[in-house]
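For reference, the structure discussed in these notes is given below.
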Amino acid sequence: MVPLGWIGGTCGLILAAAISMYANALLGRLHEIGGKRHIRYRDLAGHIYGRKMYALTWALQYINLFMINTGFIILAGQALKAIYVLFRDDGLLKLPYCIALSGFVCALFAFGIPYLSALRIWLGFSTVFSLIYIVIAFVLSLRDGITAPAKDYSIPGSESTRVFTTIGAVANLVFAYNTGMLPEIQATIRPPVVKNMEKALWFQFTVGSLPLYAVTFMGYWAYGSSTSSYLLNSVHGPAWIKVVANLSAFLQTVIALHIFASPMYEYLDTRFGSGHGGPFAIHNVVFRVGVRGGYLAVNTLVAAMLPFLGDFMSLTGALSTFPLTFVLANHMYLMVKGPKLSAFQKGWHWLNVVGFSLLSVTAAAAALRLIILDSSTYHLFADM
């Protein structure tokens, strides 16, 4: 909201939800082609285009998921630091240390959850933690907004800067709504798969988006353009309530990261695992500790080095989320359903392919500019 303002931010959130819903619905309808289910994004692309596109899709998907995981570790570190600052604001526990601790906890969780299906009960906890955070952030922001003086809602920066931050914000909006792993999620849905996936998408992008809108709009209304990127750093209230909210954010992040790391874990387990014995056999546990621990160590190092990751997420949204979710989904739909589509439908999908390709290039240029500017302001392992 800060780089877009009330009108741009509100329209952007709604429009990003609508186009994301549409693109994911297209992708969901490609779940079964030629009598075969495609439960991985790269398998679907490989079936339609061949081996080269299989490899390219694999690379784009895992870059996207790597950045999501890195962002989660930064968020977890911010939550831990916020808890520490509530009791001791002496600057001893810096953000990079909190990020390192968060990465260690995420690794411990990854060692004990061998498969995505083993997350079932934890997904319930994740929902509870999310609701706790949203309710507390909403209520405290509402209270602050009522008692605070007039807020400044102007978009910060010079006119030329605003253009690039607006484009970067658009890429961030798209990044926030899309996972890059819909075929993997769809693989766990009971039959009829396509119909149930569409029901899930409609629910997620309507009712499921309301809590996101509520806390986003309330936070921006209460604090204006001075709103912190981590909302709980802006709110005021009893320390114990803020501890509960920050702890909920931390625990939810640990669980959510495992969801988005699961495709990488699955690939590593399939490619390098022994395939023998139960998930908690000694050799399999040792394998998870080494491989998953190594992967999360890299995530944590990047998170600690670059805690101003928002600019890099804009770049990731431009280079991977746009191509995967919008360009590729529309083009794959054309490739598979083309003979059955009318001329108008074909023209519409080609317009999406060309339009989102151009938007991807533009957003990438804007993100690179923001990275260059911020690199002169922040340093590696910054305590933000």
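Cβ atoms here come from the backbone N, Cα and C positions, even for glycine.
Remember, predicted model here, so these are calculated numbers, not experimental data.
What TrEMBL records for this protein:
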type: DOMAIN; residues: 1-367; note: domain 'Amino acid transporter transmembrane'
type: TRANSMEM; residues: 6-27; note: transmembrane segment
type: TRANSMEM; residues: 62-87; note: transmembrane segment
type: TRANSMEM; residues: 93-114; note: transmembrane segment
type: TRANSMEM; residues: 121-142; note: transmembrane segment
type: TRANSMEM; residues: 162-180; note: transmembrane segment
type: TRANSMEM; residues: 201-223; note: transmembrane segment
type: TRANSMEM; residues: 243-268; note: transmembrane segment
type: TRANSMEM; residues: 289-309; note: transmembrane segment
type: TRANSMEM; residues: 315-336; note: transmembrane segment
type: TRANSMEM; residues: 348-372; note: transmembrane segment
Touch test for the transmembrane segment (201-223) and the transmembrane segment (315-336), at least 3 Cβ pairs under 8 Å: no
Spatial neighbours of the transmembrane segment (348-372) far in sequence, C-beta under 8 Å, 6+ residues away: 163-165, 167-168, 170-171, 311-312, 314-315, 317-319, 322-323, 326-327, 330-331, 333-334, 341
Residues from the same chain, set at least six apart from the ends of the transmembrane segment (62-87), whose C-beta lies under 8 A from its own: 93-96, 98-103, 105-106, 179-181, 230, 232-233, 239, 242-243, 246-247, 249-250, 253-254, 256-257, 260-261, 263-264, 267, 296, 299-300, 302-304, 306-307, 309, 312-313, 316, 319-321, 324
In contact by Cβ distance (the transmembrane segment (289-309), the transmembrane segment (6-27); 3 or more pairs under 8 Å): no
Recorded stretch that, among 162-180, 243-268, 289-309, 315-336, has the most CB pairs under 8 Å to the transmembrane segment (93-114): 289-309
Leading contact stretch, 121-142, 162-180, 243-268, 315-336 vs the transmembrane segment (289-309) - CB distance under 8 Å: 243-268
Residues from the same chain, set at least six apart from the ends of the transmembrane segment (243-268), whose C-beta lies under 8 A from its own: 40, 61-62, 65-66, 68-69, 72-73, 75-76, 79-80, 82-83, 86, 102, 105-106, 109-110, 113, 116, 119, 122-123, 125-126, 128-130, 132-133, 136-137, 140, 179, 181, 184, 232, 291-292, 295-296
